[in-house]
Structures are given as C-alpha cells and as structure tokens.
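Read through the structure below, which is laid out as structure tokens, and then see the notes.
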C-alpha cells in the first residue's frame, strides 16, 4: 500500500488555515487522490471535545490529532491538518512520531500577522477577547511559537488564496 502524508497548517486563529486546506483537499480529490481534512474546530467538537485550552490540554489536542493523522497517512491518505498547534515542541513531537513510522510530514506556516487575523475575526474570537469575554487567545494573550524552519511559509495576507492553495498543492504533489 502506498503511504500518504500529513501536511500540518499552523498559524494564528483566522490566518486562513482552514480555507487553504479545504481548497487543497478539493483539488486533490479532483485529481483522484484520497484526502482527509482534520480541521481544528471540527476536532474540538469531536475527538478532543473533552479538552480545554490549558497548556496541557493544548498539548494533548495536538497529540491526538497527530496520532489520527499518522494513522490515516500510513494507510495511503493525504491528511491536511489546519490546526493552530501553538507550541513548537508539540509540532516537533508529531513530526517525530511520523518519522518513526516512515510517514512523510510537512509543516506549513500560514504566516498571517495578528492584526490581519483580528480584522478578519471569522469566529469573533478577537472581538470577544477585546471585550474581556475570552482569555487565552493564541497570539494575543496566550503564546504562539511560529515555526523556525517550516517546509513552506505561506504569506496568506499578501497573496490571493489561489496562490496559497497552489503552493501547498505543489508541496504535496512534487516528488
């Protein structure tokens, strides 16, 4: 059986991770490639619904999603993971677990500045944080550790979505 791969899209809330992942998945499906998207918001409603937002819970969230991604990728599926994963050490552990199973893993940094994310505010998180209704917002009052050496850095705020999608797609399909 052909091994798939995991492509982890990390970045701040409202950076564009899910939008890019959904469009890449659509394109891969059109090519006849098996693909799954493990979206952070969807995972929080199902696989990791029992977790909060403490550091330990965030670590466990990433670990569980990484485990599922590895399982799917080992079975020939390209797995797109648009999940914040704020701590570099947690992302590195997922990468190491994939490497230990000979499963390709790529990190894509959707590098959208916090002010642009706050302007987009797709889910109203930044507004709720400013109003004092939400604490521990990643990149505002909770840490986000940007990748130092990702396989791909996507400046989603300075290019059309189609260019970001093309870059991630090329990362996946190029030998």
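Start at 1 and count along the chain as shown; that gives each residue its number.
Any Cβ shown, glycine's included, is placed from N, Cα and C.
What TrEMBL lists as ATP binding site is 11, 12, 13, 14, 15, 16, 17, 18. For residue 15 (ATP binding site), the same-chain residues 6+ apart in sequence whose C-beta sits under 8 angstroms from its C-beta are 110, 111, 112, 117, 156.
TrEMBL lists 4-154 with the feature domain 'APS kinase'. In this model, the domain 'APS kinase' (4-154) carries an average pLDDT of 97.
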Surrounding the recorded ATP site, with Cβ no more than 8 Å from the Cβ centroid of 11, 12, 13, 14, 15, 16, 17, 18 and those residues left out, we find 82, 84, 110, 112, 117, 156
Around residue 16 (ATP binding site), how many other C-beta atoms are within 10 angstroms of its C-beta? 23
Who sits close to residue 18 (ATP binding site): which same-chain residues at least 6 apart have their Cβ under 8 Å from its Cβ? 39, 40, 41, 82
